[in-house]
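Trainee: Mind looking over this structure? Questions follow.
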């Protein structure tokens, strides 16, 4: 039987039907490519969760929730990278396993002054460092004191050394504070290049309260002051005296850094301490003193020599401060004390 031409015309597929069919087939193809586990089931016995990455993602999500607050400066203070692209270290912003491989075998120094009545803080400082600071690494404690006989002996972990160095105690605590820069200049020029790769400088009237590891190491490392990390730049406690070598005018500045914890390579700490010492000497010749002594000069140096890594207020915290809800881990804590009593 022969079909009529009119019937054959009705049997031809319409163009829109062919087009729809092709789109559907393309959709199925893309679906199977992107979801192969539905076609070729995975071996669930080999499935695992990367707990470290999951933890980091969780911390980042928590921080993003905090960033929703309306305070603009607070948002800036909680960022994990500086305007010049240096990392700002918060809990969950780094992979410690990778960093341990990167810094494996590095030698670390911890520089501290313990003179006059501040000697009472040395033993708790060292005990806390043995428990939390660079555990598993070679560490040398460089302790400068005017009373070596008063230093209590402490059993140190493997690969950890205590070096006591005699220093004269000035009458004023301000002079004691500034003398540290003079000591650092000589130490980083002569002795330290042979003994350590990185040097961290700390105040003795503090204790390590949580793990502090190689995530803090870098060429030049500064810690954001916990009292100013959500302040506007004009509120920073810079030296505003144009006659001082530490002078920083209004309108300039990135962060306010605390001199209680900073560090870097021996070479970079030599540069920093040399600059600060020269500034201190220059001010003395003019019979003036920077507002916060060595800390003012340190901030001046770091304004024009940007740190390659910044530590968040987790790495210096005071339990009397407000906004503690923004700092989940408190790794290095100030010891509560009567300042007038210990400084006299």
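Any Cβ shown, glycine's included, is placed from N, Cα and C.
TrEMBL lists these features:
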- 295: active site, nucleophile (ACT_SITE)
- 113, 114, 115, 118, 203, 204, 205: UDP-N-acetyl-alpha-D-galactosamine binding site (BINDING)
- 203, 205: Mn(2+) binding site (BINDING)
Trainee: Tell me, if you would, which residue among 114, 115, 204 (binding-site residues) has the fewest other CB atoms within 10 Å in the structure shown?
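Mentor: Each of the binding-site residues 114, 115, 204 was scored; lowest Cβ tally within 10 Å is 115.
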Trainee: Taking only same-chain residues 6+ apart in sequence, whose CB is under 8 Å from that of residue 203 (UDP-N-acetyl-alpha-D-galactosamine binding site), what do you get?
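Mentor: Counting only residues 6 or more apart in sequence, the Cβ neighbours of residue 203 (UDP-N-acetyl-alpha-D-galactosamine binding site) under 8 Å are 112, 113, 259, 260, 261.
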Trainee: Just checking a number: largest C-alpha distance across 113, 114, 115, 118, 203, 204, 205 for the UDP-N-acetyl-alpha-D-galactosamine site, rounded to a whole Å.
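Mentor: So the maximum pairwise Cα distance among the UDP-N-acetyl-alpha-D-galactosamine binders is 11 Å.
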Trainee: Of these recorded positions, 205, 295, which scores lowest on Cβ atoms within 10 Å?
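Mentor: Minimum Cβ neighbour count within 10 Å, taken over the recorded positions 205, 295, occurs at 205.
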Trainee: Excluding 113, 114, 115, 118, 203, 204, 205, please set out which residues of the same chain place their CB within 8 Å of the center of the CB atoms of the UDP-N-acetyl-alpha-D-galactosamine site, keeping sequence order.
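Mentor: Other same-chain residues with Cβ inside the cutoff are 112, 119, 121, 122, 125.
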Trainee: Tally every other Cβ atom lying within 10 Å of the Cβ atom of residue 113 (UDP-N-acetyl-alpha-D-galactosamine binding site).
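Mentor: By my count, 24.
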Trainee: Would you count the other CB atoms within 10 A of the CB of residue 118 (UDP-N-acetyl-alpha-D-galactosamine binding site), including those on all shown protein chains?
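Mentor: There are 22 of them.
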Trainee: Please report how many Å separate the Cα atom of residue 205 (UDP-N-acetyl-alpha-D-galactosamine binding site) from that of the residue listed as 'active site, nucleophile', as a whole number.
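Mentor: Computed Cα spacing between residue 205 (UDP-N-acetyl-alpha-D-galactosamine binding site) and the residue listed as 'active site, nucleophile' is 16 Å.
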